[in-house]
Amino acid sequence: MAYRLLRALFRGLFRVTIDGVTDQFKHEKLIITPNHVSFLDGALLALFLPIKPVFAVYTSITDTWYMRWLKPYVDFVALDPTNPMAIKHLVRMVEQGRPVVIFPEGRITVTGSLMKIYDGAAFVAAKSGAAVVPIRLDGPEFTHFGRLQGVLKTRWFPKISIHVLPATTIPMPQAPRSRERRVLAGEHLHTIMMAARMATVPRETLFEALLSAQTRYGRFKPCIEDVSFKEDSYQTLLKKTLGVSRILQRFTVPGEHVGMLLPNATITAAAIFGASLRGRIPALLNYTSGAKGLQSAIIAASLKTIVTSRQFLEKGKLTHLPEQVNEVNWVYLEDLKDTVTLTDKLWILFHLCFPRRAMLPQQADDSALILFTSGSEGNPKGVVHSHASLLANVEQIRTIADFTPRDRFMSSLPLFHAFGLTVGLFTPLMTGSRVFLYPSPLHYRVVPELVYDRNCTVLFGTSTFLGNYARFAHPYDFARVRYVVAGAEKLAESTKQIWQDKFGIRILEGYGVTECAPVVAINVPMAAKVNTVGRILPGMEARLINVPGIAQGGRLQLRGPNIMRGYLRVENPGVLEQPSAENAQGELDANWYDTGDIVTLDEQGFCAIRGRVKRFAKLAGEMVSLESVEQLAISLSPEGQHAAAAKTDSAKGEALVLFTTDSEITRERLIKAARENGVPELAVPRDIRVVKALPLLGSGKPDFVTLGKMAQDPEMSV
């Protein structure tokens, strides 16, 4: 009777729903592993699961007064994590057919994300051979019974959902020692819990996700700031978004690709969300690519309109672009301010109260945004992402990293770069964190000062940018920073060392590609390994395809929710080319993406990048990584610029060419460095050319197309 009354009370107050595979609790041996978000979790499971399980509860909690009061109504067993016999007792209970609930995190979350996973529950599952049923609780964290007051917008009676995921098993790992087997089993359970989180993420559009974040963290919570030093709340950002959307619809149509040539600023964020909510697809243009790069993007994406700012063009010395690129309609934000009418203002006011009614009908799998590749190996390609792929990558990041609304992001990487967009804008907004948008990562003195002044805790950048920030920063500038993540290029040892020595901060290296929105793998404090880029993100499948001549590793191919919808190419304007990749049998598999990168995956799942397939040279039948040649030069001259290319050779098929700005680099010095680093002498170039500067793309990456032409033609210069 008491159970029925309490169940009715909870269902009435919290509108509790239970969904998923609810008929799988009949397994002979069963372990239930929920996430732990509040003190209500145990009561919810006891009341709403269709079975009466035993709860494994730590001894520190079983001795409290309320647990003694609950003992007559709920079966629980005291679990002492320091006593090995406690685990054996749980194994016996499971083997006897008692379903057991174990909270793998061992404590209520204080971040809103998954915390450390204890390996005890996993070892019990592996030892007993029990079915593991992960459960995802959503909603209790918003109550006053959670530990996220001041982090989330708490309320008395939020809606609570209990998601039951499909049962799985944890086979006993193969390892010589019991301790190692426990650790490996724990990592398997961690993977299961992360997959459960990803499986229950709602399918939304970008604008819907922004509204959900506003509801979750509070409409008046500050969320975004730029160089105007005016901090906007979710409500203010929504107001600007509605305003831009109202104006954009005057000269664009639903489904149109709309070019945006804008800096890192709040108005750019509003323009992206504003275009999206009215069914327009923003194409974020690289303002460093020059007129030729812009024209390629315009052709590939079939752009008719480019939205920009006169002030931005003047400050960036880009006023020549509208004159040189005259095949599109240029629209200036400054000119639009005076066109806002009373009707527009009333429309904005109404939809501030009912924002979802401003949206045109859209699906999560519809095209949401177009980014462009750097063009380092040919013409830039338009990369079309859906709402679902962008938001999936955000959730993948949030699943493995413990970002919270207390964090402050410094975002200086351009928003036209996938790294800057997803990690520097969408992730903080969807997490409730504050983000400071700065227009240039090249201001090496200003960025560290702003990190210090705005109390930033999260900083992302390339190895080059982070190395220069360290050179100019005061040792105290990064005192509050707890996450520094490097991506987009290989992390230099010198950069890693100066951050450790000067600031006491370990840089976490990650790996991504524009086609994957972009993060593919990343080291985090909970799972990091030196000389790797971390583990592949949850929800992604990875496979390695053998490449003839390369003994270690293979060509990385990926499939997952964050993969792009497809390419837009200059050669086939406006036509979406869906992703596919050749499998080991040479057959095309749809929805797989071939990164073109040679990587290794170790037994723990950590990924190490060896180089790009296109950046290998074949010398007398042996494959040599051009990046390994560059690393030799960097070891001799860390301050210089170095790039390797290949040229045709009648004797060996191909020969190496090293371009460097350091005239003191010689073949003899390179041979000595190769011997010291265990690099074969075959990887030491005979052709060393000193240049004043390397040819660079607008993104700052070397222009390998031009370098390849220079390698073939000794007379050609930058």
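Using N, Cα and C of the backbone, Cβ positions are placed for all residues, glycine too.
Keep in mind that what you see is a predicted model, and the values were worked out from it rather than measured.
Of the listed segments 118-137, 258-277, Swiss-Prot assigns transmembrane segment to 258-277. In Swiss-Prot, the transmembrane segment annotation falls on 409-433 of the listed ranges 184-208, 409-433, 434-458. Cβ atoms under 8 Å from those of the transmembrane segment (409-433) belong to residues 151-152, 206, 209-210, 213, 216-217, 221, 223-224, 262-264, 268-269, 272, 284-288, 369, 371-372, 383, 390-391, 393-394, 397-398, 403, 439-441, 443, 447, 450-451, 454, 456-462, 465, 485, 487-488, 512-514, 517-519, 699 of the same chain, restricted to positions at least 6 beyond its ends. Using a 10 Å radius centred on the Cβ of HIS36 (active site) and all shown protein chains, the other Cβ atoms total 22. Remark: secondary structure over the region 'Acyltransferase' (15-138) totals 39 helix, 30 strand, 55 coil, with classes taken from DSSP.
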